[in-house]
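Taking it in order: structure first as structure tokens, then the write-up.
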Amino acid sequence: MRNKEEEETPMESILILSPEDDDSRLDPIDRGGTSSTNYTVTEQNVRRSLLINDDLVKRTPSSSSRQHQKNKRSFAYHRLFHKFKTWVQQRMAFQPPVPNDPRLFSKNKKRLILACLAAGSSLNGFCSTVYFPGIPDIRVDLNATEIGITLVSSLFILFGGIGPLFWASMSDYYHIRRFLYLVSLLIFIGASVGCALSSSIWMLVVFRCIQSVGTSVTMSVGAGTVADCWQITERGSAFSFLFVGQFLGPLVGPIVGGGVTTAIGWRSVFWICAGYGVLLFLFLFFFFPETYRLDHQWDQAFTELQSQTTLVDLSSVVVLDQEEPKPSTPPPPPPPPVDNTTRFNPFKSFMMLKYAFVCCVAIEIGFCFGTMFTLETLIPDLYYEHYGFDSWQTGLSFIGAGIGNVLGSIVSGRLSDYLLIRSSNQRGGLSKAEDRLTLNAWPGGFILIPLGVLLFGWSIMAGFTVWPAIIGFSILCFGMSQVYTAGSAYLVDSIPGKGASVTAACNFFRMTMAAILSMVSPIMGSALSIGYVSVLLASLNVIGMALLVLIKFKGVHMRRKAGFTKY
């Protein structure tokens, strides 16, 4: 009699027995073939046959199973392609959302952002001087006049001051940062190729102007990104690393340009610029996030979150001009709509110069940067005339200035934040923007810059070796870093939410001053000698520092009168 499990066995099952199974399950009579008795179906037989059937099915899949597997793979590929397409669209978006407060980014993410900004800020300075060692070859190959050679340098500097006005105005109007970085790099790459293929000096002048506009976005929008991501007590260090790129660019440029021009030729210098732009574009496209921060919305979100908690951080610093959000995670504000009620004004950033405190700081920054750039312009001819330097030796002579700039930026950044916090603690936790004009700025502007430029000029005029001139230029660059970092951080802190615009206005004055000084300095050098030119430059810096003293004591009153502070 069959047991219960045998009765429930499906009839569709196929019983398959091996030869060994046949002999083991037949009666002795049946083995001889004389009996008609049927095989006995047992539980062991059924289970064994089912396992064999399953194995056969797996080895011989049906057409429907193959189609199912094919559809499954096709769906996976389609889903992967859709994700990639969506990611690319997000990376190319004009105004991507900012889901988290940029000031709450992780330290590693902020370091990545700062590295990108430093690399981008080096472009303008690098391209402004990288061709200097090749000027004699350019003069011969393009049959260029002296005015044409001068305009290649001067107009590049001038457009480097005009370009940030447009970039900053677009950034503040459309509430974007990242898209402008990418567009400017595309412009820079195309213009660099045009410079390399130039067949006349005037064609080179035009492409150099376009190239300058493409390199200038970080000089204004970069300051806005720093204000987006760093608290007011951390910006000094962030600005110092940003300015390392700006200062190193014009000093590394002649070193690279001298070696490349000597080995390959002056056109290869611009191909290197194009390659640098391509690498930077790819890096920003894949890794750089949108950082535009609407202060009033994020600060309001933080205030609402703070009102729901009883925890109070007694060690926080209260800033008179701007309340900084604490490291928390408030809900993200809605995407900011573009204000269509007002028309886009590309010169809106320029109007920042109407405020006295902005204009005074811009004048001193323009004087100290113009002094550095004037010496950079004069060095190739001076070192060739007095010391017989070729392109490669001239480029190597800029290493001293590069060391001065790097050390000066690091020192000024560290001291700026430390002295700001100390001043606020002495005031009972209250701070003001004028605290950014820290103690290190005064010896840098009143002593180091004049000392460096006078040592440079008079050592050459007196016929000394080249080393006093190199050391003097290095001292000048170290002092300039102290003033430049302090003044730039002050401007960003003095007008909350308009860091890009106010930096663009200051940059316009700075680059205009550098262009003017670089154009007139060769004429003055021929008429007065380099010694008296250095006296003029030192005097301009002392006058500019006197304006910073005025800002230190009257800055709060000026900002209150302009409507940027209530205190």
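Every residue, even glycine, has its Cβ placed from backbone N, Cα and C.
On a predicted model such as this, the values are computed, not experimentally measured, just so you know.
These come from TrEMBL:
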COMPBIAS  1-10  compositional bias 'Acidic residues'
REGION    1-40  region 'Disordered'
TRANSMEM  112-135  transmembrane segment
DOMAIN    113-556  domain 'Major facilitator superfamily (MFS) profile'
TRANSMEM  147-167  transmembrane segment
TRANSMEM  179-199  transmembrane segment
TRANSMEM  205-226  transmembrane segment
TRANSMEM  238-257  transmembrane segment
TRANSMEM  269-288  transmembrane segment
TRANSMEM  353-375  transmembrane segment
TRANSMEM  395-416  transmembrane segment
TRANSMEM  437-460  transmembrane segment
TRANSMEM  466-492  transmembrane segment
TRANSMEM  504-524  transmembrane segment
TRANSMEM  530-551  transmembrane segment
Contact call for the transmembrane segment (147-167) against the transmembrane segment (504-524), three or more Cβ pairs under 8 Å: yes
The transmembrane segment (530-551) versus listed stretches 269-288, 353-375, 466-492: most Cβ pairs under 8 Å: 353-375
Region pair the transmembrane segment (466-492) / the transmembrane segment (238-257), three or more CB pairs under 8 Å: yes
Same-chain residues at least 6 beyond the ends of the transmembrane segment (112-135) whose Cβ lies under 8 Å from its Cβ atoms: 105, 149, 152-153, 156-157, 160, 181, 185, 188, 192, 211-212, 214-219, 222, 225-226, 229, 238, 241-254, 256-258, 261-262, 265-266, 269-270, 272-273, 276-277, 280, 283-284, 287-289, 291, 373, 376-377, 380, 391-392, 394-395
Chain residues outside the transmembrane segment (238-257) and at least six past its termini with a C-beta under 8 angstroms from it: 114, 117-134, 218-219, 222-223, 226, 229-230, 269, 272, 372-373, 376, 380, 391, 394-396, 398-399, 401-402, 405-406, 408-410, 412-414, 416, 477, 480-481, 484-485, 488-489, 492
Segment-level pLDDT (mean, integer) for the domain 'Major facilitator superfamily (MFS) profile' (113-556): 84
